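A.B. asks: Next up is a structure, given as structure tokens.
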Amino acid sequence: MRRARHLLIGLLLLAVLVVAVGYAALAGSLARLDGTLALAGPSAPVTLTRDARGTLTVQAANRRDAAWALGFAHGQDRFFQMDLLRRVAAGELAALVGEKAADVDMRHRVHRLRAVAEAAYEFLPAGQRATVDAYRDGVNAGLASLRVRPWEYLLLRQPPKPWQGEDTLLALGAMYLDLNEDGTNGRELGLMRLHAVLPAALVDALAAPDPTWEAALDGSRSADVALPGPGVFDLRAQPRLASAATHLPAEALPGSNSFAVAGALTENGAALVADDMHLGLRVPDIWFRARLRFPDATAPGGMRDLNGVTLPGTPALVAGSNGQVAWAFTNSYGDWMDFVRVARDKADPSYYATPAGRAAFDVHDEVIEVAGGTARHLKVEDTAWGPVVASDVDGTPLALSWIAHRPDAFNLGIMGLERAADVASALDVGPRAGMPPQNLLVGDRAGHVGWTLIGNAIPLRTVGAPGWSGFADASRYPRLVDPADGRLWTANNRTVGGEALALLGNGGHDLGARAQQIRDDLRAREHFVPGDMLSIQLDDRAVFLSRWNDLLQATLVHTGDGALAPLRRATATWTGHAAVDSVDYRAVRAFRQNVRDLVLAPFAARAKARFPDFTWPRGTTAEGAVWKMLVGRPVHLLDPKWATWDDLLAAAARKTMDDLATGPGGIEARTWGEQNTARIAHPLAAALPGFLARYLDMPAEPLPGDTDMPRVQAPAFGASERFAISPGHEDESYLEMPGGQSGHPLSLFHGAGHDEWVQGHLTPLLPGPTQHTLLITPLH
């Protein structure tokens with residue numbers, strides 16, 4: 001008995017010791033926030049202070065030292081997230097996390113973005129390269145300052161690899177992937193496959209923009225594309241195919257909202273610029289709040305004062321204010337990729353045909369290292385237009401021309417915004433910045449506002465010629481300055497028409513309902529303060545779904561089906577908001593989804609029959625075509641499994657009822673918040689037991705909002721930040737972020753500010769009172 005008691009005590013002591021050692025190791029990877037350090041790197045002393053939310057303020061002698069200090073802070077608190085960015089872009093993730101990432105690496109490695117980044121680093125202008133090098137040195141100094149390597153590497157049992165200069169450009173590469181369909185050009189491939197099995201007139205109608213919802217800045221409207229008649233295509237005369245799995249999710253595509261009002265509409269006479277960038281949400285947030293201050297003779301009072309968000313992995317202030325100009329971004333969804341059919345030489349398949357004659361494939365054997373597993377090999381065949389990534393409908397190899405394959409599409413030109421003195425000089429930055437093409441919205445302290453495209457690689461195309469003939473120069477970039485009503489807006493929608501649209505192309509523009517609602521919200525006010533911009537960002541009114549609610553109510557009345565009575569009761573009062581307690585919103589949304597699935601099923605079935613991996617093209621909602629069918633009821637476009645369109649609508653209503661009735665409490669308990677519950681997690685949380693993961697992740701709480709409204713929100717997708725900034729009046733501005741500044745579960749800043757983001761509370765842009773101060777002096 002005594003021996004058993006001693007054994008038990010020993011085991012308990014051992015468990016306590018293991019926990020203590022684990023906690024000590026975990027605590028050892030916390031960032032140092034206070035004290036004094038002497039380190040090589042900065043040319044003069046730099047001060048890093050943090051407030052209660054972890055907002056970093058850097059006081060430096062020059063921009064290079066500020067880059068070093070920002071890198072130091074990123075390296076302390078965000079190295080693992082930075083590492084994921086560079087590895088995702090380079091196709092090197094499996095070497096860190098194992099086999100589960102190998103398929104992602106295979107998809108990304110075909111682009112060989114590390115080679116692109118290495119070349120881009122060599123091509124950088126001297127000043128930009130010096131900034132990148134200073135940032136690199138700061139990152140590695142910050143990483144080295146930790147007593148224990150970041151906790152994620154302890155869990156993965158791997159050492160972190162030092163940051164390299166080209167890794168900053170790989171971080172840009174990760175954004176190219178995120179904002180450009182993961183480098184797949186899947187939308188174009190999907191449309192090619194639809195064209196292979198359906199008449200062109202029908203595909204054109206399905207893919208056409210819906211003018212009803214457009215809100216272009218220049219007031220242009222897309223042409224209304226009519227549905228083809230039965231002489232072109234008649235489903236009733238076609239061989240019947242088995243129903244395809246056609247579920248089209250309400251797309252949560254990387255995008256954003258940005259809008260601005262001129263000084264004539266504000267109390268202080270300065271412009272007011274708002275931005276909320278919609279991305280995948282995780283812990284910590286993709287952005288890092290920062291204020292950078294350093295002497296600059298061109299700045300007001302001789303001191304440059306930058307406030308906003310930075311991207312760990314890069315030294316730039318991505319979005320925010322320099323005291324004279326505020327700027328914001330949304331994804332442009334222009335056409336930045338093209339397929340080129342590659343004619344392989346039949347006599348020697350290592351060669352292919354080009355307009356200039358026969359050329360050899362540039363073949364690369366890419367090795368995908370896998371932690372704890374067997375390496376994979378990927379054969380990449382490069383052509384004059386880009387790597388072979390897919391096959392056309394007839395099996396012909398397809399090479400991908402993508403702007404991200406060009407080293408000169410990567411630079412730090414975005415940092416020119418930090419020195420812009422007014423709207424005109426800010427817009428001039430657009431054609432010089434090497435980054436994924438974005439809508440750039442700017443406003444200045446004098447009250448001017450403007451829009452253009454930022455990103456230095458807008459392809460020029462020649463009809464009938466493969467690939468691109470060059471890239472647009474600055475004179476061809478569209479821009480709009482000081483519109484008559486003093487209001488600008490972008491929300492991933494088509495912004496312009498005519499020649500400008502022909503230049504930019506359509507890479508999957510948003511339907512436009514969100515942009516239209518923002519535009520109308522702006523027009524509903526004559527005077528603005530920052531809080532008014534936040535109310536627009538939080539607008540969860542379901543304007544877009546109103547007509548679908550009317551259709552559901554008409555369907556329920558027409559069917560007279562008593563089994564649908566619970567659905568009728570649950571939707572009897574249309575609240576018209578994507579509110580967490582709304583059953584009617586969830587039901588109407590599901591009804592629209594089910595109707596679209598049934599309407600489009602026979603068309604998708606034909607593509608699936610020939611191409612089993614077919615998926616509906618992203619950014620092609622077919623909203624306009626589907627609504628035309630529901631209004632016009634063309635029998636020749638109705639799936640033969642339904643006798644009438646009313647039968648299809650009744651089936652959609654019954655499926656909605658059946659799906660929502662499942663679960664405790666029946667349909668009355670199926671609120672939108674139940675479905676739209678936050679899943680904002682650390683990337684490694686899934687590898688941990690649930691009781692530990694909850695200390696890493698943000699709370700699983702219901703969230704209002706959805707797609708097709710200003711407050712874009714899904715469980716793990718939404719506003720990665722929200723701000724409204726009045727340049728020169730930063731003390732009146734706000735910035736809120738989910739997930740917090742730090743991904744370390746013991747950090748004071750883990751989750752800091754998240755609750756304000758959830759609730760939509762105004763959170764000051766400027767840092768609060770200093771809580772921590774770290775002084776770093778040069779080591780000579």
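Each residue, glycine too, has its Cβ placed from N, Cα and C.
Grabbed the feature section from TrEMBL, which reads as follows:
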type	residues	note
BINDING	E188, D335, D338	Ca(2+) binding site
ACT_SITE	S256	active site, nucleophile
A.B. asks: With the Ca(2+) site defined by E188, D335, D338, which remaining residues of that chain have Cβ atoms positioned within 8 Å of the Cβ centroid?
C.D. replies: N185, R187, W336, M337, F339, G505, G507
A.B. asks: May I ask for the distance between D338 (Ca(2+) binding site) and S256 (active site, nucleophile), taken between their Cα atoms and rounded to an integer number of Å?
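C.D. replies: D338 (Ca(2+) binding site) and S256 (active site, nucleophile) have their Cα atoms 24 Å apart.
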A.B. asks: Starting from the Cβ of E188 (Ca(2+) binding site), draw a 10 Å sphere and report how many other Cβ atoms land inside it.
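C.D. replies: Its Cβ has 20 other Cβ atoms within 10 Å.
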A.B. asks: Can you tell me how far the Cα of the residue listed as 'active site, nucleophile' sits from the Cα of E188 (Ca(2+) binding site), in Å?
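C.D. replies: The separation of the Cα atoms works out to 22 Å.
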A.B. asks: DSSP on E188 (Ca(2+) binding site), three-state: which is it?
C.D. replies: helix
A.B. asks: Work out the three-state DSSP category of S256 (active site, nucleophile).
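C.D. replies: Assignment for S256 (active site, nucleophile) reads strand.
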A.B. asks: Reduce the DSSP letter at D335 (Ca(2+) binding site) to three states and note it down.
C.D. replies: coil
A.B. asks: Under 8 Å between C-beta atoms and at least six apart in sequence, can you list the same-chain neighbours of D335 (Ca(2+) binding site), or say none if there are none?
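C.D. replies: Once residues fewer than 6 apart are set aside, D335 (Ca(2+) binding site) is near P459, L504, G505, N506, G507.
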